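Now, the feature entries from TrEMBL:
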ACT_SITE  Cys338  active site, nucleophile
ACT_SITE  His807  active site, proton acceptor
BINDING   Cys197  Zn(2+) binding site
COMPBIAS  519-530  compositional bias 'Basic and acidic residues'
DOMAIN    171-287  domain 'UBP-type'
DOMAIN    329-846  domain 'USP'
DOMAIN    650-691  domain 'UBA'
DOMAIN    712-752  domain 'UBA'
REGION    512-533  region 'Disordered'
REGION    628-648  region 'Disordered'
Amino acid sequence: MNQQVLARIRSGMSGLRQAEARDAVGNDECSYSYDTPWSEDGLYINLKTFRGVGREWLLGDTVASGCILYAYSTWRRVPKETLPSEKKEDPERLGLGIEGGFVTEDDMYHVEKENGLAVIMEDERIEKIKMPCNEIPEFITMIIKSILNHTGGSLPSSAIEQWTVDDGPPPISKYAQNLPEIPNPPRLSADPKTWKCGLSGDTENLWLNLSTGYVGGGRDQSAFGGPKGSNGALIHFQQTGSKYPLVVKLGTISKAGGEVFSYAPDEDCRVEDPQLADHLARFGIEIMRLSKTEKTTAELEVDTNAKFEWSAIAEAGEKLVPLSGPGLIGLVNLGNSCYMNSVVQLLLASTPIAQRYNSSIIQQAIAAQTNPSSDLLLQTAKILSALNSDRYAKPSSLLLEESGQVLSNSEYTTKSRLSTHIATKIKAARISPRTFKAAFGNNHIEFSTGQQQDAAEYFSWILELLTRAEHATSPNGTSSARLFTFGLEERTECTTSKLVRYRDSTNTRIDLPVPVPEEGPHPKRTKVTDDNDIIPNDQSIKNMLHISFESCVAAWIADSYVEDFYSTAIKRKGPAKRRTRLSSNPPFLVIKLNRYYVDLNTWEPKKLDVRVQMPEILDISDFKAPQHPADEGLLPEDDEAPTSNSSALIPDDSILNQLVAMGFDENGCRRACIATNNAGAEAAMEWVLTHSSDPDFSSPIIAQSTTPMKSGPDETAVAEMASLGFTPDQARAALTACDGSKERAADWLFSHMDDLDAACAAVMGAGGVTPATSAQSIPDIDNTSDCTKYSLVGFISHIGKNTGSGHYVAHIRKPGHGFVIFDDEKVAQSRKPPLDLGYIYLYKRNA
């Protein structure tokens, strides 16, 4: 090390300290991109801020942070001489990275790591000093070690790399020692060909009850590639008073034992029976003379998972051609994060948003040194700009092996090893959206968890948070949500006086009802087991009920009827009819098919397995509000009308949470609580089932005050509203409109984002509110266009029995490729996009 570099190191040591357990340390990913130690230039970690920085942003970070010293870490894959898979031909346990489990890609390589100190010189050169190095000051060496050895900044890799279902032997059943037995049980035939289920006659997947000798079928596993089953063994257990819980799978019995299962509710799992030989002897079975002829359930799961490919399921086994490049990059599944991955791909397809969230936002965040983990604008720019670039793409040129063979995405198997250069490139070309998920899920009761979620609700949540963050930095700017925002006109007609009233609101999504015949969806529903989601096979899809798109539109535009509408014309409550129509044509239109319902017998959310052929070219003329007839009479505005309790009623949180947990839209659940006066979950659920197809079911509730405030808004409340990023004048207007309620005022502000100044001016009776400094926004958003023609941009499909489980994939139309399927990391050209099986559809206005 020359003296110039050493002097530079000493000049940058002031103010540094070792990383502690409480610190967030970015030693595995760049804060501003998805560079990792696997990247070509490795990863740099700022010794002052502990933030990871990729080479692209390194000089900007050093200027903004004032730090010139960085730890660096570079990892490389080196092929092993002997493959682990050569030891055993087949996996024995359902697990990854464990003894006896599946051989993972990482098992084929050694990892070589180079760590050291990077010094930013005055001429912006980067001097790297590999460790260990005695010339580096000991204090700096200690800091670097504390950073590189820190585990608090992210999940340890072992949490993902080592995964198992069967981790250890089964427990010993407490019923085995004193198992109840019937006298003189039947002897089991020595010929396995004669074994059959006592309920269905099935000859496979048979289980012997160790108390009664009854032979019955196991649980049906055919939906996910396993054997068929009649549930005969379980039904026998239930019909005999649930007294005989232990069963053994015929065909798995050998001198080593057999697979035993306990149906007892307090066990309900695979168990060990130490007295198995004695129990079997009662039926004439000598365990020492038997050999195993059938696979255990765990082995069947291993077989199924070894063959299981989501991309094949998503398009019924079609051989898909992998794609990679800008806009053709997938996202790592973090565990039940496919809902988020699909929504992000749909956001990327909304071109103005992708253009807005570019590298300039990242540059601003670096310059401001904001906290990357909580900066929503930065996280959005980070993920969208990465997906839209070629930095993390896998073009075929990267997959050329020394022999000249091109390897596709689906060919990264344990059958072949790649060179160090290619294997490392592939490892680096991954986008793991952990920081995005953490930022947008922070403090949310559902999205902060690792559970599967409703993609439609998540899309709305993303827009809501982006709107808040955008407004906080640019109060006078245009929100991204405006791209999807349309006006709704609600027309209510008093059927007694024939006079009408109009109310205007906005929304960002049309929830389209799916009308089913009077016999209901049940005859055509795909069979679902109690414990497993199913993937519809070809035959089940063919048998699905067809519902026309036109009938869905007709259900949405149909009149609804209100029994207790207060008419200001007749001064009393009476019947009325109500309809909702679109009053504007947004640049992008999101349509959600209401495929999910609640089973009235079990109160469980379930799915309508129906096919709705959505149009690729959509004309929304039927959705549009017609001109008001010139001779139409309007209901008088009456200040003396009785005050409705619903305007001031606050939904009961316990009732609201129960409804939301069932998968219903939160705004609709709020309406249900208010409409039923918080009478209870059952009453609210009945209201939801009756009104879930109402066009305004998911619209935000804008409370109307019936009594004006007697004095100005409380200044403390004004300050709280202003802390959300609004001006004091806007906060006062909102509080005035909502009778001083801070909660309702916040909703009022966010629901008027597109015309906030005008709305505030209308409330305050003044000439407007002084705009704040404008920040970067989306230009030329025209919500006044007369064009009613839209083209399908992409859609999200859901596989499974309800939105809280199963799997999501996205199909997006890409220039030059048609529809492309995005199944987490797998990206391929779609051959048969399931247009009639989608859940969320995104359309773009043609002009």
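Positions of Cβ are set from backbone N, Cα and C atoms, glycine also.
Automatic prediction, not curation, is the source of TrEMBL annotations.
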Secondary structure at the residue listed as 'active site, nucleophile', reduced by DSSP to three states: helix
Local confidence of the prediction over the domain 'UBP-type' (171-287), expressed as mean pLDDT: 87
Alpha-carbon distance [His807 (active site, proton acceptor); the residue listed as 'active site, nucleophile'] in Å: 6
For the domain 'UBA' (712-752), the number of residues DSSP places in helix, strand and coil: 28 helix, 0 strand, 13 coil
Alpha-carbon spacing, Cys197 (Zn(2+) binding site) to His807 (active site, proton acceptor), which is rounded to whole Å: 34
Most Cβ neighbours inside 10 Å, all chains, among the recorded positions Cys197, Cys338: Cys338
Residue counts (helix, strand, coil, in that order) that DSSP gives for the domain 'UBP-type' (171-287): 21 helix, 21 strand, 75 coil
The domain 'UBA' (650-691) - residue tally per DSSP class, helix then strand then coil: 30 helix, 0 strand, 12 coil
